[in-house]
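K.L.:
Before anything else, here's the structure in question.
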Amino acid sequence: MAFQKAVKGTILVGGGAVATVLGLSQFAHYRRKQVNLAFVEAADYVSEPVNREPPSREAQILTLKNTSEFDILVIGGGATGSGCALDAVTRGLKTALVERDDFSSGTSSRSTKLIHGGVRYLQKAIMKLDIEQYRLVKEALHERANLLEIAPHLSAPLPIMLPIYKWWQLPYYWVGIKLYDLVAGSNCLKSSYVLSKSRALEHFPMLQKDRLVGAIVYYDGQHNDARMNLAIALTAARYGAATANYMEVVSLLKKTDPQTGKERVSGARCKDVLTGQEFDVRAKCVINATGPFTDTVRKMDDKNAAAICQPSAGVHIVMPGYYSPESMGLLDPATSDGRVIFFLPWQKMTIAGTTDTPTDVTHHPVPSEEDINFILNEVRNYLSCDVEVRRGDVLAAWSGIRPLVTDPKSADTQSISRNHVVDISESGLITIAGGKWTTYRSMAEDTINAAVKTHDLKAGPSRTVGLFLQGGKDWSPTLYIRLVQDYGLESEVAQHLAATYGDKAFEVAKMASVTGKRWPIVGVRLVSEFPYIEAEVKYGVKEYACTAVDMISRRTRLAFLNVQAAEEALPRIVELMGKELHWDDSKKKEELETARKFLYYEMGYKSRSEQLTDRSEISLLPSDIDRYKKRFHKFDADQKGFITIVDVQRVLESIGVQMDENTLHEILNEVDLNKNGQVELNEFLQLMSAIQKGRVSGSRLAILMKTAEENLDRRVPIPVDRSCGGL
């Protein structure tokens, strides 16, 4: 790819002169006194992976400390930063990467999960005759094809339906989508096509049928974003890059250039967030790939540096899988306020989003109730009136901060495209900003090209096109069958492992615990309704997971799929991680509290709890109140005005049902608003009122009491699994 000549103080726009518009060797975590690893200098030249598996975090930190000088030091472990590290190390450059939190802990794990060229960018390119927007789409479509090839286990093509409700829109959108196919050229995944009204409803039966005239279906890619980011970082580590998460840059190092007499960035002072230890990492070139925090690092270099990023918050919600077909997404191209909303199947759930709102930069973005309700209202506009879109069916919600490049002529962030820029400061700090998930690889290539030119590094061309990411090389669509046959895993669990770890799934299967059942033989689940197993926690530690939040949100995706399920799995996850990482009881308690706080604020649990509080209004008809009081009093036989675990156990025993005390405690705790160990009549009526309004769904106590009432004489088992477990 052509690359514009880099000079001090210039901003290079990606894609040339303008923005490119488009068995396993075990390694354990040791106690500090147990670490006994030989000093390893970073590799000078790499053509093949130097490590069959990524080294341990302790070994990586030793390399960071003991390497006299790296060629490249990347700050930031998101998709772009990890991509820069992989691009650099595969060119033969001594490479280091540090990340203050976990890999993909920021924006890269909170995306719409699409690998796409950007249909709306192509529309802008055509309407405004914008060549840069066109190049953005062209480049992104090329990168889409490459990503689907190098990580086939983590990505796949996804058909997306564009419903048409006005006849004149049919030819208009058809031409636009066909142009999208045309721009993709040989990288077109599958050709788009038109559906009649009846065929559209066949494929997407939940669709609003009134006034529907037909639909257009086109193809883009979908992926598991956090796992994809992790695969990039792990691949870089295998090729010899010294990568470390929880390694914060506290300041930049500088030295005077003897030829010019000017200060040049020469490395960074790093702090191990987990131990507090600080040390210097020296490098010929430092790359700032910190996404929304781009300007923070730039101001470390020059306190007077002008801001080049304008952060924008994008909120997504996750709903039960029955809201969308298993293999068909939906695009709303023109919402009530002009935004674009995607409605997509993902991990057997349904993801909807996104919003696009200016925001302040924070490490802990929180989804607002206003944004959640905006998405729900837009979803209601496209779904049949037979489908009740309930607030209580929101299983998880999150906000991601996009690092958009500021256009000073733009009045709002919606009109800012995600072109990327490479900025080279007077002191030699290289910043990569903007861009989008899909184009991370080309962004990294442009950045390393700039680094090589500016700092006169000895390196060849980029080698990352077609370079398989960890787990992708020997993956096949039928790999999961071998996992079932060889290890005795459930088919669902085997498919999940194959789709998450690729050809490394066998290593996870080897670590799986025996269930003690006839079938499955191995693979104890962390929570009953999801295919995540305990062995993934042990393996996740080998993938640099250091906290319980790492495990529930990025090694597994439980927090992004169902926050209630994630909270239920937490105690066992902390117990397993504690054994691997030698946590004492105090550390385990701290991890539990931190993870619950993460779920409460960042993953939508706070919004869930606000749907049912001790101040919730009771809006029930008198007849409903009488009916619910009678149900309540079947459990409160002593007319105390409240029920406890003992009361519930008594009723269950009377109909021959046994349930352990811990499960009953969890069920009552969901409704016990004042947390006094009992559910009062008023709390029960508040719950039933919230259920009627759609604010709460899947309450296990409500289901249990209703079923018990109906079956007191029939003596049949009562189901207590979550029904969607909605927020």
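Placement of Cβ uses the backbone N, Cα and C atoms for every residue, glycine included.
Keep in mind that TrEMBL annotations are predicted by a computer and have not been checked by a curator.
Take a look at what TrEMBL says about it:
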DOMAIN    623-658  domain 'EF-hand'
DOMAIN    659-694  domain 'EF-hand'
K.L.:
Excluding the flanking five residues on each side, which residues at least 6 beyond the ends of the domain 'EF-hand' (659-694) place their CB within less than 8 Å of a CB in that stretch?
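P.N.:
Residues packing against the domain 'EF-hand' (659-694) from afar: 388-393, 568, 611-614, 616-620, 624-625, 628-629, 632, 636, 641-645, 648-649, 652, 700-702, 704, 720.
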K.L.:
Tally of helix, strand and coil residues over the domain 'EF-hand' (623-658) according to DSSP?
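P.N.:
Each residue of the domain 'EF-hand' (623-658) counted once, the result is 23 helix, 2 strand, 11 coil.
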K.L.:
For the domain 'EF-hand' (659-694), what does DSSP give as the number of helix, strand and coil residues?
P.N.:
21 helix, 2 strand, 13 coil
K.L.:
Give me the mean pLDDT over the domain 'EF-hand' (623-658), rounded to a whole number.
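P.N.:
On average, pLDDT over the domain 'EF-hand' (623-658) sits at 83.
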